[in-house]
């Protein structure tokens, strides 16, 4: 009978897996057998030569064979936001895989824009490689006073509409290229991943995203899924005759919906141009989900049973007799909610896939990459569900105590979610109360354990209860004193009494100035430029767990604090996801927190040094060193 039940559960999961397998096979059928190749940086693929004549800006693009520019992506915008009308030749009409029917330039092209008295402008362009790589939009800030008079070769190319520049034009173009900041158009990690996704080698990159998902499993954004799944598995073992197979089936029911939700949300967010997961981080939604965990924990303690109305129980009982999949629906629902709430933090692989979808409109391949990322994140969870039951003894009275312990785990999850909206000292007090309650429960379990379990498990339970009880009391005292850090709850006592105060290893928290929107950012960048100063901009949010990790482990490091002493430090809080937040994220091409951006004294971001997701203090210091070496003539961030 048990084998039949397990077989029916496997059949139920197989009905979910066949559509997924069909999607994967269709994707593999579209793989192009292209050779790996090196693509040129955008400033080499499209060499730019600038000149002016009679208050008109003239820009000549030397397009490398095998590449092309989009006509509609060429624009000139003045400082007051006016978009100038361009004089452009006709291009070639193609059916583009990224933008559909488009007019492009496969050969050199020259444009002319009347600036009507404006002395500065921003030139924007975008192009692709015929082999399958599409570059992000490129921008060049231009001060007309610094642009030389148009050379004869440049004027000749303007008269011909589109031709190859002469030797003089080549030299001018090379000079313009040399004068351009070499870091200005280099690709960041997320851009490189987006470019590689566009390269058509789908199988290799799906495997790469799966591997990156495995690594993400051990980050603070994903680790909370392990106790959620563990509580589901333990709660289902009472009637399981084949716990290992049942645990695997239940884990699949949790992981597959989680990965699909992760993929679908990412595609929707990229196509909509908004961080949709931020919408699920408001206090009402978080409070509801935390309350759900409290209810589930109380059920684990045996205070009540979660039962549906009688008529629904009867109907579901009839279905269960035919399908034996009673726990699968609950596991699937928890997988979906976990993807929504546990994994909102931004990482470089996630940002790369979202950037590819947003720029190319190819939700299919980007969605597959996100699906592979989600499945990679879920693979270790399958091991938890499959191996965990095998390590458990046979069903018995021990399961009542284990269920109670997992009730404390669920209460911990409720506090973990509430941490995003409650003050830190209150959260610390809740942790202290929970740990103290757990200690008392361990003592009670040891006291009521059967005689055969008195030694040594009862002694271990009492010892653990004593240690946890002491730690819980310390946390409560720290919360009463206003502390927020569970690892330094009594830090507020360091400055009291007659002894010498001891400063934390990282010193005082590194202060950041809060800004609100793109206009304030531009004003602060101009101010820093006048003082020959670097700028660090962070995007953060109250619900971003990785942001807290960076705050403590990176910005709390004394070496980092010393390196950033002369750097302007700005912070954009996108917790509320207001229109202003969305606008600056769109302008800076930021997909979500945590994101760190370095701007040089020239006001330009060093895009290749952008940080997305977590990193160590050593890695951050290395990026600061790269920034210093890359522009030592104009400033030093350290």
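Along the chain as shown, residues are numbered 1 onward.
Just so it is clear, glycine is given a Cβ too, placed from its N, Cα and C backbone atoms.
Note that this is a predicted model, so its numbers are computed, not measured.
Looking at 110-135, 136-161, 162-187, 188-213, the stretch flagged in TrEMBL as region 'Disordered' turns out to be 162-187. Within the listed segments 84-103, 424-443, 444-463, TrEMBL records transmembrane segment for the stretch 424-443. Matching 25-50, 51-76, 363-388 against TrEMBL, the residues noted as transmembrane segment span 363-388.
Feature annotation (TrEMBL): of 284-308, 484-508, the stretch labelled transmembrane segment is 284-308. When the disulfide-bonded residues 134, 544 are compared by the number of other C-beta atoms lying within 10 angstroms of their own C-beta, 134 comes out lowest. Along the domain 'Thioredoxin' (501-629), the predicted structure has mean pLDDT 84. Remark: secondary structure over the domain 'Thioredoxin' (501-629) totals 53 helix, 22 strand, 54 coil, with classes taken from DSSP.
Other Cβ atoms within 10 Å of the Cβ of residue 128 (disulfide bond), summed over all protein chains shown, number 23.
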